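Asker: Residues annotated as transmembrane segment in TrEMBL: B:20-42, B:54-74, B:86-103, B:123-140, B:152-168, B:174-190, B:197-219, B:273-303, B:315-337, B:349-370.
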């Protein structure tokens with residue numbers, strides 16, 4: 001069975017000891033034990049450290065962008081919207097490794113292949129480079145579908161401003177990271193901004209997500225913000241202001257329309273403007289919301305406030321007259337001048353003719369403290385509490401620092417400054433039978449009860465006087481609105497020059513008014529800054545803008561007409577053409 | 001038995017095979033195939049777009065390697081013994097060839113490959129096999145001198161110094177280290193005197209150390225393997241990623257296919273560093289099983305060698321010791337490298353790693369070990385040994401005897 005034969009070949013050698021074999025096996029065994037021990041050390045003892053080191057490299061927190069709330073006008077029309085977009089990014093090294101894709105990608109994102117390759121080469125060490133502007137998701141999908149290695153897209157939201165320049169300064173804009181930088185976008189950041197969500201993913205080394213269910217925190221959308229702005233009126237205001245600024249070759253302009261009963265700001269526009277959809281245009285002066293940020297000396301538009309105070313204190317009566325002859329009047333070194341010498345005038349006539357001499361005499365009769373406290377009545381020194389970025393407060397020195405000259409000038413609106421919203425608020429008190437409303441820009445803001453500035457009787461008296469300003473013989477006949485009685489006041493303020501004196505060639509043309517005069521619904525203010533065509537009177541430059549905007553606004557808001565239809569005025573529906581309809585409407589109808 | 005068997009010398013299976021050895025090898029090869037498929041998906045997708053590119057290649061190499069291994073299984077041991085000097089010549093020629101630019105292909109600063117169309121042949125793989133066969137033949141021929149004199153020990157070492165030098169020119173430090181390790185193991189088992197041996201081991205160790213210091217990039221590699229976290233984004237990247245992969249494995253691994261480190265974080269994830277991916281996916285348990293399988297291969301290899309030694313077929317015995325030791329040593333070194341115990345050298349994990357040269361050489365090596373086992377079994381079956389160079393083919397005698405017994 002088992003045949004074993006001694007082999008005769010080759011030369012006999014010593015039998016090798018079995019210990020050598022065991023020694024070698026033992027050595028290998030020791031090696032195996034060391035390997036196993038090391039494996040134990042790595043996989044059990046150092047496991048936490050190593051796993052953490054690994055996670056550091058491939059676990060990424062991907063933020064999920066939150067949808068930013070929209071900004072709407074009072075009727076729900078969008079002023080600012082967020083739409084989903086995708087931004088392409090690349091891992092340059094991965095993309096350059098496949099040159100055939102580089103050109104295709106470059107063409108699809110509209111870049112020159114050579115330039116694109118250079119762009120990637122310069123960033124070869126980076127793991128994340130944006131290669132496109134935000135684009136529509138479908139467009140980005142097409143590029144990603146090329147299958148180019150290392151090309152990915154990130155979702156985000158882009159902000160669009162459907163109203164464009166019309167409401168630009170009010171709405172403001174967001175920066176590249178989506179935070180509000182100006183206007184309501186900035187003021188209401190907390191409400192508009194949502195909370196970003198996040199998810200933890202595992203990425204392979206080229207950036208592909210390979211595992212996506214580690215942890216998920218959904219994004220929370222921001223809330224919409226509804227403004228008191230009525231886009232229709234805002235558009236009217238914007239259009240007419242812009243036209244006037246161009247027509248009068250002016251530096252700028254401001255218009256504010258307020259609901260006098262509620263204090264809701266229905267329109268607020270400034271010129272020059274900017275297109276918020278174009279980041280390149282987002283810079284001053286276009287971005288300035290002048291109604292809030294710009295101070296000016298109110299000039300003659302301050303006179304109704306003075307007259308209100310005079311009546312309220314009982315020092316003057318509606319029937320009081322003042323002798324303004326000879327058309328000028330010396331207070332110390334100051335000479336107060338009127339355009340014409342109108343002799344003895346009633347208070348209404350002083351307002352209608354905008355007599356500085358008359359205003360100065362009233363002011364000096366009342367005294368510094370009474371003039372000053374008259375302004376306080378109308379909240380001139382009280383903040384607006386709109387929390388709009390850039391909001392400024394009026395600058396009014398305390399009456400204790402006023403001398404005769406300061407009292408006289410303050411009476412006709414010089415020596416103190418305010419902004420358009422303050423003045424509109426003050427006129428709202430006159431419009432609202434003495435109750436001064438709190439101005440509102442946010443529709444859902446908690447209502448603040450109005451405060452009484454003057455008595456209802458005084459308010460009505462002053463309104464009646466202000467009607468004469470717009471009536472024939474007044475300084476603002478161009479402010480008249482077809483079908484409505486208008487009360488208002490012009491102002492033509494010289495601007496301060498750099499050396500502190502008044503510049504005779506630079507003016508602010510102002511008009512503040514209310515419609516309908518009998519029981520006003522709307523208060524509006526128009527400022528044309530530095531008309532360059534010589535027609536710098538408030539009655540010429542600002543009043544027509546007021547008239548056209550109010551004409552449209554009254555119709556849009558279906559405010560019952562209270563005035564006569566005059567053949568001299570443009571028709572309500574077509575501001576500049578057509579035959580006016582000769583209809584006498586009952587003044588109180590529908591109220 | 002059959003005419004075909006007679007003519008081509010195809011061994012009969014009637015003596016059976018070593019079940020433990022074949023079982024372990026089959027398991028390792030299959031596991032290797034699965035691991036290549038798993039570890040290479042990301043890399044294959046990146047390079048070719050086909051996630052199973054490396055898997056299919058590995059399958060093809062396994063078929064080619066299996067056929068080659070079977071062919072070698074059919075070649076009697078005496079053929080190798082007889083042509084061992086030619087093999088030494090072949091080894092030197094191949095190593096010289098690979099160094100010629102245009103023939104040898106340079107990858108990552110090392111010229112180690114010859115492009116043969118279907119795949120790139122890593123010259124050091126067949127060269128090492130050839131040199132180990134030559135060493136076995138040498139021990140068989142000069143065992144008396146080896147056991148008694150310094151010269152007998154020094155001769156074979158001097159003979160392989162030139163191939164070693166050529167290997168270092170490529171450079172292929174890892175292959176050189178493995179070759180020297182196996183040669184010393186074989187000479188030790190051949191009975192080299194321990195004090196000479198210790199001396200030469202010392203000199204060789206000093207020489208290797210000198211070489212490592214002379215080539216600064218090796219020094220850099222040696223330094224960063226000590227602390228891969230020092231320069232983790234550059235020099236230490238690969239090892240740090242490998243350690244992370246192993247560390248993520250914990251006790252039982254993240255599961256087959258779930259490795260994250262294979263997703264292009266760990267370079268060479270399907271070749272030299274496939275062990276780290278295996279450790280990540282199968283954990284400590286997987287490592288223990290892998291070590292056990294290699295343990296079985298080495299144990300059975302040594303048992304077969306021992307049987308041949310006892311049977312007096314010393315060439316077969318020393319070749320078998322050498323080949324089994326080679327598998328065991330390379331597996332251990334590869335694992336040690338993957339876990340940061342040794343500097344990175346570019347050694348594959350036998351039977352697991354992706355790569356044609358490595359896999360086909362391992363198949364050849366298995367064919368040789370099984371041939372030795374076959375001859376052991378044939379001898380134990382009472383068949384005339386072919387060790388003495390008899391013209392008579394063993395198969396015919398086998399067949400004749402078998403028939404005789406049956407009838």
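Quick reminder: no glycine exception, Cβ is built from N, Cα and C everywhere.
Automatic prediction, not curation, is the source of TrEMBL annotations.
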Asker: Would you confirm whether the transmembrane segment (B:174-190) and the transmembrane segment (B:315-337) meet the contact rule of 3 or more C-beta pairs below 8 angstroms, pairs 6 or more apart in sequence?
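Answerer: In contact, yes.
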Asker: Verify whether three or more Cβ pairs under 8 angstroms connect the transmembrane segment (B:197-219) with the transmembrane segment (B:349-370), leaving out any pair fewer than 6 apart in sequence.
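Answerer: Contact between the transmembrane segment (B:197-219) and the transmembrane segment (B:349-370): absent, because fewer than 3 Cβ pairs are under 8 Å.
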Asker: For the transmembrane segment (B:152-168), which stretch among B:54-74, B:86-103, B:197-219, B:315-337 has the most Cβ pairs under 8 A?
Answerer: B:86-103
Asker: Would the transmembrane segment (B:197-219) count as touching the transmembrane segment (B:273-303), i.e. at least 3 C-beta pairs under 8 angstroms with sequence separation of 6+?
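Answerer: No; fewer than 3 Cβ pairs under 8 Å.
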Asker: Counting a contact as 3 or more Cβ pairs under 8 Å, with residues at least 6 apart in sequence, do the transmembrane segment (B:315-337) and the transmembrane segment (B:123-140) touch?
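Answerer: Result for the transmembrane segment (B:315-337) with the transmembrane segment (B:123-140) is yes.
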